[in-house]
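Asker: According to TrEMBL, the feature DNA-binding region maps to A:16-55. Residues annotated as NAD(+) binding site in TrEMBL: A:GLY90, A:ILE91, A:GLY92, A:ASN93, A:LEU94, A:GLY95. TrEMBL lists A:79-180 with the feature domain 'CoA-binding'.
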Protein chains: 2
Amino acid sequence: MGTVDVPEATVARLPQYLRALAALADAGLRTVSSEALAEAVGVGSAKLRKDLSHLGSYGTRGVGYDVAGLHRQIADRLGQTTPWNVVIVGIGNLGHALAGYGGFASRGFRVVGLFDDGTQVVGEVVNGLRVRPLADLGAVVRPGEPTIGVLAVPVEHAQGVCDRLVAAGVTSVLNFAPTVLRVPADVDVRKVDLASELQILAFHAQRRAVRSSVPAPTATVGERIGEVV
Amino acid sequence: MGTVDVPEATVARLPQYLRALAALADAGLRTVSSEALAEAVGVGSAKLRKDLSHLGSYGTRGVGYDVAGLHRQIADRLGQTTPWNVVIVGIGNLGHALAGYGGFASRGFRVVGLFDDGTQVVGEVVNGLRVRPLADLGAVVRPGEPTIGVLAVPVEHAQGVCDRLVAAGVTSVLNFAPTVLRVPADVDVRKVDLASELQILAFHAQRRAVRSSVPAPTATVGERIGEVV
DNA sequence: TAGATTGTTAATCGATTAACAATC
DNA sequence: TAGATTGTTAATCGATTAACAATC
């Protein structure tokens, strides 16, 4: 119990639990049941207990979980006890917005560098940071302290810029460019694909539309109809 | 075979396949094997063939898939043949960026409305669209044509604004606020949680760090060590 | 002690993967 | 026909869920 493998699906939910616990603590709650915490996060209580069991046991039977204790425990696991440095590369529309996004700082992330090679934007000050040319990456990314690189460049530059991030010592990358990045095995890449999200919503919407209009008229007695929704 | 259930995991990959096929078509390719297409998307060829089999069969044994035909087929399934209307609510940092994001238009999404109730921003023109007060939602969201709502408001307003989107007839919501939205069963919500993405990266990075430093010194002969990475 | 709630077990479900027969 | 590659089968894996014994 402890450092052993936490399933990926569980890891992805830890930030949600953490946020809900912070809200409960703010509300003055000392203790919370798996039922109540699960409800706040929108999952089932069994799933929540299973998830927490992967971190070790921090609940008390008959009572529930200590809000502050569980919060500390999860924050610890997410590495939130020490601040993480973040550099943002590509200060266009999206990079600008990310540079000013308040949600990062409040979760223990420090944006320590903004980079772009566009002659327009280099030198501009965004949210208190001057935009620097990519050549300066090495001056900001210190091999000692872990740094997360956020890629917000146009898709055609993504791989090249990613290579430079990796060369500078970045081993965690959040990629907003809609492309598959090739990286060494020790580099972790996550992708946020905004257009994809809309396409997935569109798929579901179209499926709902088709299912609510087509099946009824075309079905004949005795035919089997696929389950609706 | 056809309109029947496509697994969620497959749906999430369809946009990636579509993009890769567009690139192959641009490059002049007529035909592509599952091996080559899978490589371009960064998945295994077996997974790709399985995914495509859920759409019906469009490949030719011994030859591969017709690039244009498969592209059309997937675009169809994603509802990309008809344009989708998108409204963005909350024109702050992020909303601004999304309003100007080129990736939406190129995938068949039309941003048709920008909304905000901040006195500062209402009336401002962003990317050719005037920001309107939320009260105008009904004038833009037409019950007839499907509209996707993008929520980029501060977390404390998210639920309230979501309710208004739903009341206006929106049944697909992309939520950037870090909160669980309560919606009727016929409304589809997807969530993009930027801070969460960084937290997940931080979790992995910390795990890598712990595993590469701690286990070796503390392990004793005969002890079993958890598998590394 | 009685009531409440956890942590865990076991069953189920969905997704991935490898292998290969079908077939172009 | 011989070589290539699909579509499908079956095995495996990981995640979810319900139920309940352990225990506060």
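The backbone N, Cα and C atoms fix where each Cβ goes, glycine too.
Curation does not apply to TrEMBL; its annotations are automatic.
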Asker: For A:GLY95 (NAD(+) binding site), which residues in the same chain are close in space, meaning a Cβ under 8 Å from its Cβ, but six or more apart along the sequence?
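Answerer: Listed in sequence order: A:ILE88, A:VAL89, A:LEU114, A:ASP116, A:VAL150, A:ALA152, A:VAL153.
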Asker: If you average pLDDT over the DNA-binding region (A:16-55), what do you get?
Answerer: 98
Asker: Of these binding-site residues, A:GLY90, A:GLY92, which scores lowest on Cβ atoms within 10 Å?
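Answerer: Selected from the binding-site residues A:GLY90, A:GLY92 on minimum Cβ neighbours within 10 Å: A:GLY92.
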Asker: Please work out the helix, strand and coil residue numbers for the DNA-binding region (A:16-55) from the DSSP assignment.
Answerer: 28 helix, 2 strand, 10 coil
Asker: Using Cβ atoms only, which of the binding-site residues A:GLY90, A:ILE91, A:LEU94 are under 8 Å from chain B?
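Answerer: In terms of proximity to chain B, the binding-site residues that count are A:LEU94, given in sequence order.
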Asker: Under 8 Å Cβ to Cβ from A:ILE91 (NAD(+) binding site), same chain, six or more residues apart: give me those in sequence order, or none if nothing qualifies.
Answerer: A:ALA99, A:LEU114, A:PHE115, A:ASP116, A:GLY118, A:VAL121, A:GLU124, A:VAL126, A:VAL131, A:ALA152
Asker: Counting all other Cβ atoms within 10 Å across every protein chain shown, which of the binding-site residues A:ASN93, A:LEU94 scores highest?
Answerer: A:LEU94
Asker: Could you tell me how many residues in the domain 'CoA-binding' (A:79-180) are helical, how many are strand and how many are coil under DSSP?
Answerer: 32 helix, 28 strand, 42 coil
